[in-house]
């Protein structure tokens, strides 16, 4: 950039060498300066130019390009003798040139201190050496209709972070509620989930009025195109994710089959994590952000696997054909070890009751998945049935793949730093 920006293609035999070196130094040191330099046009005609160099900085205060402005001052240096001025003295020709170019004189005239203090001009700002007044490189916001929101404005950025946090919340709570078959009878949790559903619904409305980037990199602000693009991409997933499944499950008259169906449909909300991956792409260039992201992903995967591990144990602990308990299931072994065995209520419900509470079951499941992902487990919680063993093998493969990818990313980050 420095080589082409010094305008060396306009240098000639009469161009001052010291001025050339000063211009090069200005570009190399990212400074603002001005010069009077003799350059040559395309047809090799020498002209005197007043050259101003100003570095353009972005929002991170880094120089991204240079702004070079030129003013022709040949009349000030060497007044030209034409047919109408033959026989005139050099001073007379200069006086006529200045009179005919009064606008140039006004632009080149220095400003007094009062004018600079109260009404600084563009020329005065460009001639200042302080970096705080240098022109900043900012992308001009496109003009949009009043009801259209720019996808990178402050409000939309803040809103996207709120949706991001709530998406992680649903990614944690949905698998837990589905696996442990929890009905939201707790009023506080029911209110929280209802608020989340309302926010997701508002997000759908906002997405119908938010610009997006087109195939050619342009910002699309046409309302019709925005609606068509959203309907063809994320609308169906967002609509299914904001339906109030928890409120439906809270009613006591809903049978178990329908409740299980509504609980299973809540898993669709996890598809919103695809948006999260796109929003976190630009943070992957920072080593600390990558480390935090890997820890969060590992914890989230372990949580999902813990919910699946419990679901397998809960499905296999009772043989529905014979209505007997399977003593080789890990749930039965855990219940016996902590002193909360399963018991058959023959006189009442006619079903198996007892066993560990849900908090203990979740913590034990998470403990097993963590030890299986990081090591090969400690054996205090071990798979015994065929389904549990198959799942354990798959979980160990996931752990192996995860740590291989993490090690590769760490090496890449180390090489880049």
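The backbone N, Cα and C atoms fix where each Cβ goes, and this holds for glycine too.
Unlike curated records, TrEMBL annotations are generated automatically.
In TrEMBL, the feature transmembrane segment is placed on 283-306, out of the ranges 235-258, 259-282, 283-306. Looking at 101-119, 120-138, 139-157, 158-176, the stretch flagged in TrEMBL as transmembrane segment turns out to be 158-176. Per TrEMBL, the stretch carrying the note transmembrane segment among 62-82, 188-208, 209-229 is 188-208. Same-chain residues lying 6 or more positions outside the transmembrane segment (188-208) and placing a CB less than 8 Å from one of its CB atoms are 149, 156, 159, 162-163, 166, 169-170, 173, 226-227, 230, 234-235, 238-239, 241-244, 246-247, 250.
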